[in-house]
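Listed in TrEMBL for this protein:
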type	residues	note
TRANSMEM	32-51	transmembrane segment
DOMAIN	35-255	domain 'Cation efflux protein transmembrane'
TRANSMEM	63-84	transmembrane segment
TRANSMEM	96-117	transmembrane segment
TRANSMEM	137-155	transmembrane segment
TRANSMEM	201-219	transmembrane segment
TRANSMEM	225-244	transmembrane segment
Amino acid sequence: KGTIHLFRKSQRSLVGKLTHEFRLVAADRRSWKILLFGAINLICIGLLLMWCSSTNSIALTAYTYLTIFDLFSLVTCLISYWVMMKKPSPVYSFGFERFEVLAVFASTVLAQLGALFILKESAERFLEQPEIHTGRLLVGTFVALFFNLFTMLSIKNKPFAYVSEAASTSWLQEHVADLSRSICGIIPGLSSIFLPRMNPFVLIDIAGALALCITYMLIEINNYFAVDTASAIAIALMTFGTMYPMSVYSGKVLLQTTPPHVIGQLDKLLREVSTLDGVLEVRNEHFWTLGFGTLAGSVHVRIRRDANEQMVLAHVTNRLYTLVSTLTVQIFKDDWIRPTLSSVPIANNILNLSDHHIIPMPSLKAVDNLSPVTSTPAKPSSPPPEFSFNTPGKNVSPVILLNTQTKPYGLGFNHGSAPYSSVLNQGLGIPGMGAAQGFRTGFANVPSRYGTNARGQPRP
């Protein structure tokens with residue numbers, strides 16, 4: 001019998017985890033259609049690659065890469081269904097929407113890498129152009145075109161549909177839009193057919209098939225084999241130009257940047273929040289795109305001491321929730337502290353207050369427990385002001401200054417000068433000088449001005 005290990009979790013391998021998630025997606029009937037199209041896509045890719053090898057056509061190979069991209073789009077659609085089934089977890093607190101963004105980014109980047117590979121092979125073929133067999137060239141073109149269009153129009157791919165509309169237009173779309181406006185100017189009835197912005201995937205499929213048809217005709221008529229290489233370069237450039245804006249858009253989403261088209265609306269909402277009752281300041285705001293069509297953000301709001309935190313939180317959330325679906329608001333009250341003046345108690349054996357002015361200076365131990373005496377408000381968590389650092393005159397004992405104002409005798413005040421030795425023994429010093437130098441407060445042999453003369457005799 002084996003050993004029983006209590007409270008031990010079974011560790012699944014990576015293949016086991018992927019199999020478990022695939023079964024979770026396959027349990028939904030909506031994914032059966034995607035799986036069926038994926039199986040047909042694999043068969044179609046195999047046939048096209050065989051025909052590319054038999055015809056020796058690099059243009060047909062470049063067009064076959066669009067069919068491989070369709071397979072990536074089907075996988076992205078499956079990931080989108082999986083994201084809708086999954087709920088946020090402690091590890092992924094914002095959910096799993098960024099997985100479909102990553103899938104779109106990876107698919108478009110792989111399509112561009114395939115286009116670069118075609119450009120490299122075409123540059124080599126210009127040096128030595130092989131013979132092209134047109135037996136299955138036209139058949140492969142129509143098979144790939146039919147399957148690509150059927151897949152794009154039958155499967156509702158939410159991630160790619162959003163990216164194709166939100167990303168900037170490609171150069172192919174702009175040229176087709178200019179051509180459509182020219183045609184609609186001559187025939188106005190075609191304006192309903194030629195949309196202002198055509199689907200980029202349908203457009204590249206049609207343009208690639210048209211290039212292959214021209215290649216087939218030129219090879220059949222004049223045996224001009226170099227047109228196959230030129231068509232491959234044209235298809236590769238169209239693929240790269242179509243996928244590049246989508247890669248840029250999905251890459252900015254992965255980098256958590258703020259979408260440019262919502263910056264003006266966010267500024268307007270933040271100005272409205274700053275004018276709410278009780279709000280003093282709105283700072284540390286950060287907004288980013290969590291997924292396709294989902295905006296997340298966080299903001300710090302400083303309010304008055306007498307303001308209601310829950311009321312302000314409700315108003316701020318109500319204003320920003322119209323645009324930001326996942327919002328984090330941190331409310332904190334105004335906690336400025338104005339410290340009161342304080343002084344250090346004076347020993348009784350130093351000097352009398354009637355004859356001397358005392359300048360209290362706190363010691364080093366007392367400064368740690370007291371707030372800096374300054375007119376600038378200070379927070380417990382904020383650094384001290386710039387004029388309260390450890391300066392030379394900060395950590396010294398109280399300085400005793402002699403009161404030079406003379407007073408007559410007989411009024412009950414103690415008057416006289418302290419001897420130099422008594423002041424030195426008390427450990428007093430001048431700020432900024434060493435402890436060995438004392439502060440002399442008077443001279444023992446100087447006569448008083450009232451009561452006696454220079455010889456010690458009383459004045460009349």
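Quick reminder: no glycine exception, Cβ is built from N, Cα and C everywhere.
Unlike curated entries, TrEMBL annotations are predicted automatically.
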How about the transmembrane segment (201-219) and the transmembrane segment (63-84): do they have 3 or more C-beta pairs under 8 A, pairs 6 or more apart in sequence?
yes
Mind checking which residues of the chain, 6+ beyond the ends of the transmembrane segment (32-51), have their Cβ under 8 Å from one of its Cβ atoms?
26, 60-61, 64, 67-68, 70-71, 74-75, 77-78, 81, 136-137, 139-140, 143-144, 147, 151, 154-155
Taking residues 6+ outside the transmembrane segment (96-117), which of them lie with a CB under 8 Å of any CB in it?
62, 65-66, 68-69, 72-73, 75-76, 79-80, 82-83, 86, 88, 159-160, 163, 236-237, 239-240, 243-244, 246-247, 250-251, 253-254, 290-292, 294
Using a Cβ cut-off of under 8 Å, list the residues of the same chain at least 6 residues beyond the transmembrane segment (137-155) that approach it.
33-34, 37, 40-41, 44, 47-48, 51-52, 55, 57, 60, 63-64, 66-67, 70, 73-74, 77, 199, 201-202, 205-206, 208-209, 212-213, 215-216, 219
